Every structure is written in structure tokens, then in C-alpha cells.
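According to Swiss-Prot, the protein carries these features:
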- Thr58, Val59, Gly60, Gly61, Ser62, Gly63, Lys64, Thr65: ATP binding site (BINDING)
Amino acid sequence: MLKAPRFWYQPRSLLGGILSPFSFLYQIIVRIRRGLYAVGLKKISKFPVPIVIVGNITVGGSGKTPFVIWLANELKNRGFRPGVVSRGYGGKANRFPQTVTENSDPLQVGDEAVLLMKKIDCPMVVCRDRGAAVKHLLRNFQCDVVIGDDGLQHYSLGRDLEIALLDDRHLGNGRCLPAGPLREPKSRLNTVDFVVPKQLRPNEIYQLKNPAKKIDFNELKELTVHAVAGIGNPGYFFKQLETLGANVIAHPFRDHYFYRSEDFNFDDDHLIILTEKDAIKCKQFDDERLFCFSVDAVVPDQFQNDFFRLISNIILRKQAQREGI
């Protein structure tokens, strides 16, 4: 079981200070790498449809998956034809790019990809090479906008809009790896189009074995539960359950962990509540104690207004360019 070092989220710490020189070196490398793309010394893949990148500048969960689900479905509801590309973290398929379906194996294409596909109404492709994923998507589907899931640092993929998400831990101690949780200097947020705070709303709790069997949120006030999370920020999940009144026995696992039945061999009969991403990998277990806690992203109205105005203008501009107007 792995989790982010505590000193990443402390303003001052001995270990953070010791690692600061390495963070400075890391920042230099990041700036040089990004600069090479900016001046054209490294190739950027460009496409005839808008590319919207959703990501963050911190290590760990920032609510990207629920947000991408919301964004893809909202685009579809407003008449767009979206598609999603992702790296497919944890997937071990021998062939990429690969189109994700509802029946895809999380072991092959990654847990997040399977969760996304079960909750969005649009095509999705996974590949380590994001540009190859977009090419495959556009070759096989009639998409007019592409969402890049967790691609903020993949500069080789051209983009028209960038959305950075921030979770409840914000930027931690403000330092880059390894002294802090930042993948890029915090000044990077000044270059993105939108910074959106993570906000998740509880949706429902249902049994994995029989999804029709649900637990009312009010029932949690009387329950002691095992909370199991193999996500980037398990603490947020545990706090959500505690806020709903549950007495939580926390079990954090490393991100993208693939569970075995013995991982749930607890010495009692308390219910076991999992995140949606974890539940995707546990449906094969014949265990009536396993329940899934599903959530929805809550997105600010101002962002929605600004984003859809911008994306509509970008689509019109790109159409005009293709038609030579």
C-alpha cells in the first residue's frame, strides 16, 4: 500500500528541504522539455478538430475521471460529437491503439478507461502515444471534438484548450517532485485556459453482486464500514463517507491496484465500500459485503458558460480553415 508522502502537504519539513535541490533540477528539466516543443524542436501533433486537455499539475487524484465523464456527456447532450483518448494506465494489452468498450478488461486497457466507457456515450481510445490515439479515434469515428484525459504534460499532443483540476489539497507545499507533489511549477496554472476546483457529489451506494440493492445515505449514520480505495487521493473518499456519518475503517491501496479476494479478508462482517474505479476490478468476487460508492462531478456554471462558448467558436474556426474560408 502506497500513499503520497505526508511532507508534500506540510509548508515546512526537513525532508522537503533536503530534497529541494532535486526539485530545482526537476523544474529545469520540465521547462527545457516544454520549451523544446514551444520553439518547434520537438514535434507537436495537430488535428482538424479541437483537442481539449483535462489534467492537473499535481501527483495523485484531482477528480479527473468524474469531470471527464461530465464533460463528455454534456458535450453530447449539447449536440457535439465527442470522443475521449487516454493513456490507459495499468493496461497490459499487447496491441495499441485500442478502442475501449463496456466489455473491455481493466487488465488490458486500464481501470479508469473501463469506468469512463461505462458512463459516457461516446467512443474512447487508449494508447500511450496520445497522438496515435487521436488518429485512431478520428479514423474510425465521426468526432468533432476530442477530450484528452490526463494529458496536460503530454506536450507532443497539440491542444486548443487546457483545463487544470485542483483537489482539496490544492498544491501541497508548492514544490515540484520529489520535494513536493507538483509535476510542473505552479506558474503553469497561469498558462491554462481554465482552473476548475474538484467538487464531487455523492450519487448512490449499490451492491456489486446485485446493483439493484442500494444503501440510503442516511443508513450510513448507523454503520461501521471498511472503506477501500486504490486511487490518487484516498483521503478524500474516506472523508466523504465520514461526512455522511459512517464510522470508517480506512484501507488505502496504491493507485490502480488490482485486487485479490484475500484483500477483503477482514475479521468482521462490516460492509466494504469501494470507489467506482476500484469496483470495476472487483465485480468477479462473489462477496455480498462489497458495495460501490458512485459520485458525480459538480461543475461551476461560469465555467460551463465560458467553455461552451469557446469550444463552439473553435469548432467554427477549424471548419472554416478546412473549407478554406
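Just so you know, glycine gets a Cβ as well, placed from its N, Cα and C.
According to DSSP, Thr65 (ATP binding site) is assigned to a helical segment. Other than the site residues Thr58, Val59, Gly60, Gly61, Ser62, Gly63, Lys64, Thr65, same-chain residues with C-beta atoms no more than 8 angstroms from the centre of those residues' C-beta atoms, the ATP site, are Asn56, Leu165, Asp167, Lys198, Gly232, Asn233.
Note on Thr58 (ATP binding site): other Cβ atoms within 10 Å of its Cβ, all shown chains, come to 26. Counting every protein chain shown, the number of other Cβ atoms lying within 10 Å of the Cβ of Thr65 (ATP binding site) is 26. DSSP gives Gly60 (ATP binding site) a coil state; it is part of no helix or strand. For Gly60 (ATP binding site), the same-chain residues that are 6 or more apart in sequence and have a Cβ closer than 8 Å to its Cβ are Ala4, Asp167, Arg169, Pro181, Gly232, Asn233, Asp255.
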